[in-house]
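J.: According to TrEMBL, the protein has these features:
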type	residues	note
ACT_SITE	CYS116	active site, proton donor
BINDING	LYS22, ASN23	phosphoenolpyruvate binding site
BINDING	ARG92, ARG121, PRO122, ILE123, ASP124, GLN125, ASP304, VAL326	UDP-N-acetyl-alpha-D-glucosamine binding site
DOMAIN	7-404	domain 'Enolpyruvate transferase'
MOD_RES	CYS116	2-(S-cysteinyl)pyruvic acid O-phosphothioketal
Amino acid sequence: MEKLMISGGRPLQGTVTISGAKNSAIALIPAAILAESEVILDNLPLLSDVAVYSEILEELGANVSWEGNQMRIDPTHIISLPMPNGPVKKLRASYYMMGAMLGRFKEAVIGLPGGCNFEPRPIDQHIKGFEALGATVTNEHGAIHLHAKELKGAKIYLDVVSVGATINIMLAATRAKGSTIIENAAKEPEIIDVATLLNSMGASIKGAGTETIRIEGKSELRGCRHSIIPDRIQAGTYMIAAAATRGNVLIDNVIPKHLEALTAKLIEMGVGIEELDESIRVIGKEKYESIDVKALVYPGFATDLQSPMTSLLTQAEGVSVLSDFVYSNRFKHVPELARMGAKIRVEGRSAIIEGHPLNAAKVKATDLRAGAALVIAGLTVSEGITEVTGVEFIDRGYDHLVTNLRELGADVWRQND
Ligand SMILES: CC(=O)N[C@H]1[C@@H](OP(=O)(O)OP(=O)(O)OC[C@H]2O[C@@H](n3ccc(=O)[nH]c3=O)[C@H](O)[C@@H]2O)O[C@H](CO)[C@@H](O)[C@@H]1O
Ligand SMILES: C=C(OP(=O)(O)O)C(=O)O
């Protein structure tokens, strides 16, 4: 196992180019099995989650080739096989195999998803959607068994606004008979990206990005070529890191609109922001004001940036309150930040953060964004070396992290634990 070593205290300076979005990529790859011919995905991020997904499709007989940032998926010879164990257990988004397999084969056996379990993450809304489309769903010894004689379009109201359930239902419904309407759908940009791919494959999806999505099922879909949107969470993480180190960084290849909630909060704290067409410049300042932040569904402040933002708020003067209305217990980074001298207490779904300088320490990433928070914290500390273990979580969501940070002037390296 490797760990990340950080000798901080250097302002990040320069340009970082953001890769394709993880949360799009790991939905677009399973979506490709709904086609009858080759799907080409460009701007693919080089992440462990993407590698695991390619393993999953290969296990089913798809021909997957991956060169640089392009993946070619030929699902022509894919077969329906039960996948109760193996790679599906390694990542959260393996739940998309349920919708994709159901759409393609009207049946699936998929082990319950793994990935970052910072709190219980139910999939009842996914199941409710599959059942509404006519599938029988049972949980047998930790694997979900889905079967439908025929998938029929339905009106589905999500009780909880869920990214995964919205995409999963969309995947199955594209191959159902008739119309499906998803009400109270999630509006994240990654949902629009998946709908764009499916529409290029010949599906008919309208309203992605709004709370009502309408899908006309099709009996066959074809291959196509699609370029993945930039990763707004990676972009946001570098923006926060630039501010936390009082640096000056151009975050390139982003869609600034996707980052509006973060940008607004950074400006409120006193961070300098210049928005361009496809990039954002973050200009750090010596002093920041404390602020209140509420993580909400899109277009609200992203819960995936809540942990990195916690690290930045340790650098503000006074007391900030950061509440998470998506995941009420997503605070596993807090005790680790406390080892670094942070003064944070958790009350219900809120972290109350008192601005205070941090010190170097040995800390452990217990999930992806907790890991990002610890790296940012380490970058702010000028004396000593911060050691972050649990790098495998960070590798799920940040490609070329060490190279990117080094190019921005940070003293960061990987070392065997
Ligand atoms: C692969 C992917 O895209 N992951 C993202 C996705 O996760 P994921 O799609 O798993 O998250 P959801 O949007 O589904 O979860 C939102 C909330 O709904 C609850 N819920 C969800 C489904 C369900 O059936 N029942 C239920 O109660 C969850 O516990 C959570 O409180 O959106 C999250 C919220 O923006 C992000 O943190 C993750 O990075
Ligand atoms: C929680 C995350 O991802 P996943 O849903 O894939 O675990 C994340 O990207 O922060």
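Each residue, glycine too, has its Cβ placed from N, Cα and C.
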J.: Among ARG92, CYS116, ASP124, ASP304, VAL326, which recorded positions lie by ligand 2, judged by Cβ under 6 Å to any atom?
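T.: By the Cβ criterion, which requires under 6 Å to ligand 2, the hits are ARG92, CYS116, ASP304.
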J.: Based on a Cβ-to-ligand 1 distance below 6 Å, what subset of the recorded positions LYS22, CYS116, ARG121, ASP124, VAL326 would you report?
T.: ARG121, ASP124, VAL326
J.: Expressed to the nearest Å, what is the distance separating ASP124 (UDP-N-acetyl-alpha-D-glucosamine binding site) and CYS116 (active site, proton donor) at their Cα atoms?
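T.: Here the two Cα atoms lie 18 Å apart.
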J.: For ASP124, ASP304, listed as binding-site residues, tell me which one has the smallest number of other Cβ atoms within 10 Å.
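T.: ASP124, out of the binding-site residues ASP124, ASP304, has the fewest neighbouring Cβ atoms within 10 Å.
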J.: Given that the record lists ARG92, ARG121, PRO122, ILE123, ASP124, GLN125, ASP304, VAL326 as binding UDP-N-acetyl-alpha-D-glucosamine, what is the largest C-alpha to C-alpha distance among them, in Å?
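T.: Pairwise Cα check on ARG92, ARG121, PRO122, ILE123, ASP124, GLN125, ASP304, VAL326 gives a maximum of 21 Å.
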J.: Between LYS22, ARG92, ARG121, which of the binding-site residues has its C-beta surrounded by the fewest other C-beta atoms within 10 Å?
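T.: Counting other Cβ atoms within 10 Å of each of the binding-site residues LYS22, ARG92, ARG121 gives the minimum at ARG121.
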J.: Would you find the one among the binding-site residues ASN23, GLN125 whose Cβ has the most company, meaning other Cβ atoms within 10 Å?
T.: ASN23
J.: Counting distance between Cα atoms, which of the recorded positions LYS22, ASN23, CYS116 is nearest PRO122 (UDP-N-acetyl-alpha-D-glucosamine binding site)?
T.: CYS116
J.: Spatially speaking, which of the binding-site residues ASN23, ARG92, ILE123, GLN125, ASP304 is closest to CYS116 (active site, proton donor)? Use C-alpha to C-alpha, please.
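T.: That would be ARG92, nearest by Cα distance.
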